[in-house]
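Here's the structure, in structure tokens; my notes come after.
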Amino acid sequence: MQKYAQILDLVRERNPLVHQITNYVTVNDCANMTICFGASPVMSHAPEDVVDMIKIASALVLNIGTLDEKQIEGMIAAANEAKKCGIPIVLDPVGAGATLYRTQTAERFMNEFPLAVIKGNAGEIGTLAGVSATVRGVDSGNISGDPKEIAHSLAKEYGCTVVISGAEDIISDGKRIAGVLNGVPIMGKISGTGCMASAVCGACAAVSDSMDGCITAMAALGIAGEEAAKTAKGPGSFKPAFFDAVTSLTNEQFIKSARISEYQ
């Protein structure tokens with residue numbers, strides 16, 4: 001657990017700039033969570049602006065939750081520059097499988113850019129992996145097959161780290177497979193926890209190997225959720241407590257509470 005806890009320190013020490021082109025539903029939460037985790041956010045999406053911003057960024061997070069053509073144009077410009085600069089690109093394919101527009105957009109980024117991380121729920125990742133999956137809007141769906149095998153296969157195909165979020169988060173880089181069992185059900189009662197996780201994956205990938213970074217990110221947020229749930233009376237009080245718990249998370253707490261399994 002020590003190597004994962006050290007990634008928390010690296011993020012806080014280096015304060016990486018994480019450029020996020022994300023959805024307007026959770027943009028403020030993603031920015032604040034990035035700060036709470038120890039990184040710095042920039043949320044610019046204009047094609048005229050993103051290229052210069054990427055030159056000083058340490059990671060790029062693309063979230064397709066509220067897509068339109070102008071945003072896609074900005075994402076492409078940012079991803080092209082990120083490719084030139086060699087910084088990690090995280091794709092959160094929100095709602096892939098729910099509509100053709102979302103699915104095709106996600107597949108375009110997967111095929112045209114060297115992604116470091118693809119992070120989504122079971123339905124989204126299953127759709128992109130070409131297995132039978134059900135997706136309801138942007139909510140998690142179901143897949144036919146073993147999530148570990150699906151994550152491993154997709155990661156190997158695209159040479160990246162794949163994260164399937166769920167009761168047990170599954171992470172694979174095509175070689176290793178890990179599971180994270182931290183978290184509480186109330187995390188699913190507020191919008192944006194998945195988007196925030198992608199932002200934090202970006203922060204961790206900026207300072208470490210993407211596989212270890214994603215394991216750290218998912219475990220850290222899960223531990224913080226468990227801590228926040230101890231005092232929360234419901235979703236309304238859980239959310240600020242969650243941000244506080246992320247901010248105050250220590251290495252010792254992480255090492256003690258992380259439930260990480262290495263399957264391969």
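Cβ coordinates are placed from backbone N, Cα and C, and glycine is handled just like the others.
Lifted from Swiss-Prot, the feature list:
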type	residues	note
BINDING	M43, G192	substrate binding site
BINDING	K119, S165	ATP binding site
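All protein chains included, G192 (substrate binding site) registers 19 other Cβ atoms within 10 Å of its own Cβ. Calculated from their C-alpha atoms, the gap between M43 (substrate binding site) and K119 (ATP binding site) amounts to 19 Å. When the binding-site residues M43, K119, S165 are compared by the number of other C-beta atoms lying within 10 angstroms of their own C-beta, M43 comes out lowest.
Across the structure, S165 (ATP binding site) and G192 (substrate binding site) place their CA atoms 13 angstrom apart. When the Cα atoms are compared, G192 (substrate binding site) and K119 (ATP binding site) turn out to be 13 Å apart.
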